[in-house]
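One structure is given below, encoded as structure tokens.
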């Protein structure tokens, strides 16, 4: 960003700064407070700060940052700028690498065997549509606000600091735990590729430690540290490495798809292995099975959201981000549907091994057992690409959280030589490696989706709120609509999950009533409440129907998760709230008092394109 951009953004911040902060402070002065007045200067100062916690919470928790401030002075706290070196094909590659991991090799079999049968192909198409709707919401924000913070920044300029902090903290925690677990699974998949029982031969057992913490996995640690060094060195080079690994991984997947179609039998699409126990047809369990399968396979699409954190490093955000994010979702949907079709042709759905569907299908065929080794190699590459994209994303989330003043500022520093957030990348890399060294975290792979789905839900709501409230629109009617619509989606989900299936009439009536209420709410809101702002570069089409559909589908998918997922989410959220109350709100308050933060008064700057013209 050139000096002219910074001056204009600073001017915008002055107009939207709250009373009590001088214009000199808003423009970038130190204000009247010195570092000695910090809440953390001494234990006595910290005690005084804690005594003022209620007042500080009321002032900071719902304070939304101006968009121009987020893109100018907040970004400037990192020191050097991140290099704008990525184009749309880099984003497509990062999206593919983030989504197409090892999980698809397992998820497909579980969804087909337990729910959808051969109709899992349609389940993947439905899940892909859901992912595309959420991707549209992310894209509008990423084009309008091309900074590295992703959902954290989007929620911060919309709903305020507390909502952004809680969601950002959950996202980072889930990134760390899931990356540690995925890195440990790399050992097992690589062993499959070379025909070795890796868990028993490549892990070191430490006697005396409790089960689940006594298997030392040095290979997982090496993989995480190697990727950490790569992403610290250069984002562009990391993208090139990801592109190469993703291309090879996609080639493996296309090979598996081709082998499935070549050795499969189309009759398996409608004929079960045991007709006396399993219903036949392409949709053996009807629409219910297809939608339940879609809820299960949707987890295979999680990863495209990390691409939005790269917006600050994209050369032409208005063009490259929509193509990169949406394009990656479309390509992945096609690949997943083809994989599901080839697997369904290999075996009748009731004969599929839900834990190893592709490997099990090929092991049972003469002269095809070697294909399972190829699957292990492909899954290993998928783990590497998904790890790289996830670690790129988690570092940028933490970097922007550091910029915002709610976490230590050194996490926000961008290395001037590499133009990457080295401190955040190294900190999270070491933390993830320490977890992967000892801890069996496979169970967390079933829990990590709840935070991501919750953030998708929040971002979809934020798009609607910003369109209809930004610039002084109808705040309370918009909030009322979002509440009514979310409750309608929740009622539909509860009816779907809890209504007795044997009473089909009652169940169908409840579902129809909830759906009708949701549709009526959207139609009434569209007719009665005008939009307060229209994006100048790229916006979600079909407002408010598209983000409303995203909200509805994410609530429905959240309803498919199990109880431990919600327990974990509650524990993480409570821990994050405690950190916010004891540290972050005071650090943020100090930053505001010293003139380093601005609060949105309803406006904010607008980056037109990569030239950073603020109007």
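Placement of Cβ uses the backbone N, Cα and C atoms for every residue, glycine included.
Annotations in TrEMBL come from automatic prediction, not curation.
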If you check TrEMBL, which stretch out of 175-199, 325-349 is marked transmembrane segment? 325-349
Sequence-remote partners of the transmembrane segment (566-583) [C-beta within less than 8 Å, at least six residues beyond its ends]: 50, 53, 57, 162, 165-166, 169-170, 173-174, 406, 444, 447, 450-451, 454
For the transmembrane segment (216-233), which recorded stretch in the set 121-141, 282-304, 369-390, 541-559 gives the largest number of Cβ pairs separated by under 8 Å? 369-390
In the domain 'Cationic amino acid transporter C-terminal' (538-588), how many residues does DSSP put in helix, strand and coil? 40 helix, 0 strand, 11 coil
Taking 88-109, 121-141, 369-390, 541-559 as candidates, which has the most Cβ pairs under 8 Å with the transmembrane segment (282-304)? 121-141
Three or more CB pairs closer than 8 Å, sequence separation of 6 or more: does that hold for the transmembrane segment (325-349) against the transmembrane segment (153-173)? no
Two-stretch contact, the transmembrane segment (121-141) and the transmembrane segment (476-496), at least three Cβ pairs under 8 Å: no
By Cβ distance under 8 Å, which residues at least 6 away from the ends of the transmembrane segment (476-496) in the same chain are close to it? 461, 464-465, 468-469, 507, 510-511, 514-515, 517-518, 521-522, 525, 528-529, 548, 551-552, 555-556, 558-559
When the pLDDT values for the domain 'Cationic amino acid transporter C-terminal' (538-588) are averaged, what is the result? 86
